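Remarks on the structure that follows.
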Amino acid sequence: MAQPGDPRRLCRLVQEGRLRALKEELQAAGGCPGPAGDTLLHCAARHGHRDVLAYLAEAWGMDIEATNRDYKRPLHEAASMGHRDCVRYLLGRGAAVDCLKKADWTPLMMACTRKNLGVIQELVEHGANPLLKNKDGWNSFHIASREGDPLILQYLLTVCPGAWKTESKIRRTPLHTAAMHGHLEAVKVLLKRCQYEPDYRDNCGVTALMDAIQCGHIDVARLLLDEHGACLSAEDSLGAQALHRAAVTGQDEAIRFLVSELGVDVDVRATSTHLTALHYAAKEGHTSTIQTLLSLGADINSKDEKNRSALHLACAGQHLACAKFLLQSGLKDSEDITGTLAQQLPRRADVLQGSGHSAMT
């Protein structure tokens with residue numbers, strides 16, 4: 001049987017909100033920190049038990065600014081779990097509204113990871129600063145853009161109109177983030193109330209349109225094209241366009257959208273490498289994407305600047321099912337610029353044998 005004051009038992013009582021049993025246990029033991037660096041206040045705030053929180057703070061004088069091993073305070077816990085009554089109580093007792101945990105996250109940032117407008121309002125009304133950034137350069141508005149609740153974005157723009165003028169340390173904007181996660185209604189808010197450049201690039205040269213396409217969010221891509229003037233042929237830092245990035249991620253429907261509906265050249269090349277979408281799909285081993293590209297008229301014999309075919313990239317990546325499909329579709333092996341055949345690249349020399357196709361063109 002657990003001794004009075006056992007940390008695990010105390011924490012369990014707090015988690016379950018059993019205030020009466022907790023009082024008896026603490027009175028017998030004289031108080032005790034919770035496990036793993038958490039105080040019982042952390043546990044109470046995390047699980048939303050305001051009555052337990054108040055009892056611990058008032059009857060036992062527990063420090064509402066105590067930190068755990070991640071430097072989280074009880075306010076971080078309450079905010080991140082969406083417990084508005086606990087947030088209000090802690091703020092009412094003078095908790096620091098913009099306290100920082102590891103990685104420089106404030107309670108407001110943590111609240112913005114959930115779709116709980118009430119908690120966000122509570123924090124802002126008590127002076128939380130939406131413009132503060134964490135170690136990755138994200139402010140609360142940027143974090144909210146990842147979650148995609150349009151009401152929260154509208155609220156943050158109302159109380160802090162300049163919150164949208166932000167980018168992460170790798171130059172990604174809230175528009176990039178909302179587009180990547182496919183939040184159509186959030187993107188509509190960003191296009192209506194913010195002034196993002198249509199083809200603003202992050203450190204890798206990626207635009208919001210590329211993000212939408214490579215993640216398969218065709219509705220967002222269409223909106224960016226129709227309402228924001230995004231450029232279909234914009235290139236990333238390696239010269240790859242949206243079509244190429246869709247091939248990398250295996251987004252077949254997005255590829256059909258680009259080629260069949262928008263008229264993008266299925267064999268367009270990345271400027272720095274001369275790779276086509278077929279090359280990119282083969283490099284990643286996406287057999288279904290290769291099928292899609294071929295059905296749209298892709299040239300199976302296209303070569304890059306090193307005279308490599310899609311077969312070379314499939315074999316180099318050890319994507320043997322993909323390589324066999326290319327051979328079965330009529331692609332013949334050939335030497336690249338160094339005289340290397342694709343069949344020389346797999347780790348097992350026999351893997352392409354029996355395909356029924358000659359090794360050389």
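In case you wondered, yes, glycine gets a Cβ from its N, Cα and C as well.
Bear in mind that the values here come from a model prediction, so they are computed numbers and not experimental data.
According to Swiss-Prot, the repeat 'ANK 1' annotation covers 36-66. According to Swiss-Prot, the repeat 'ANK 2' annotation covers 70-99. Per Swiss-Prot, site 'Required to capture Ser that is misactivated by AARS/AlaRS' is recorded for K102, K135, K165. Per Swiss-Prot, the feature repeat 'ANK 3' maps to 103-132. Look at Swiss-Prot and you will find 136-165 tagged as repeat 'ANK 4'. Positions annotated as repeat 'ANK 5' by Swiss-Prot: 170-200. Marked as repeat 'ANK 6' by Swiss-Prot: 204-234. Feature annotation from Swiss-Prot assigns repeat 'ANK 7' to 238-268. For 273-302, the entry in Swiss-Prot reads repeat 'ANK 8'. Annotation source Swiss-Prot lists repeat 'ANK 9' at 306-335.
Structural mapping of features recorded in Swiss-Prot.
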{"residue": "K102", "record": "site 'Required to capture Ser that is misactivated by AARS/AlaRS'", "DSSP (3 states)": "helix"}
{"residue": "K135", "record": "site 'Required to capture Ser that is misactivated by AARS/AlaRS'", "DSSP (3 states)": "coil"}
{"residue": "K165", "record": "site 'Required to capture Ser that is misactivated by AARS/AlaRS'", "DSSP (3 states)": "coil"}
Contact set, same chain, for the repeat 'ANK 2' (70-99): CB under 8 Å, 6 or more residues outside the stretch:
37, 39, 41-42, 44-50, 53-54, 57, 64, 105-108, 110-111, 113-114, 116, 118-119, 122-123, 126-129, 132
Do you know offhand how many angstrom separate K165 (site 'Required to capture Ser that is misactivated by AARS/AlaRS') and K102 (site 'Required to capture Ser that is misactivated by AARS/AlaRS') by C-alpha?
24
Kindly report the helix/strand/coil residue split of the repeat 'ANK 7' (238-268) according to DSSP, in that order.
18 helix, 0 strand, 13 coil
Starting from the Cβ of K102 (site 'Required to capture Ser that is misactivated by AARS/AlaRS'), draw a 10 Å sphere and report how many other Cβ atoms land inside it.
13
For K135 (site 'Required to capture Ser that is misactivated by AARS/AlaRS') and K102 (site 'Required to capture Ser that is misactivated by AARS/AlaRS'), what Cα-Cα distance in Å is obtained after rounding to a whole number?
9
Recorded sites: K135, K165 - member with fewest neighbouring CB atoms within 10 Å:
K135
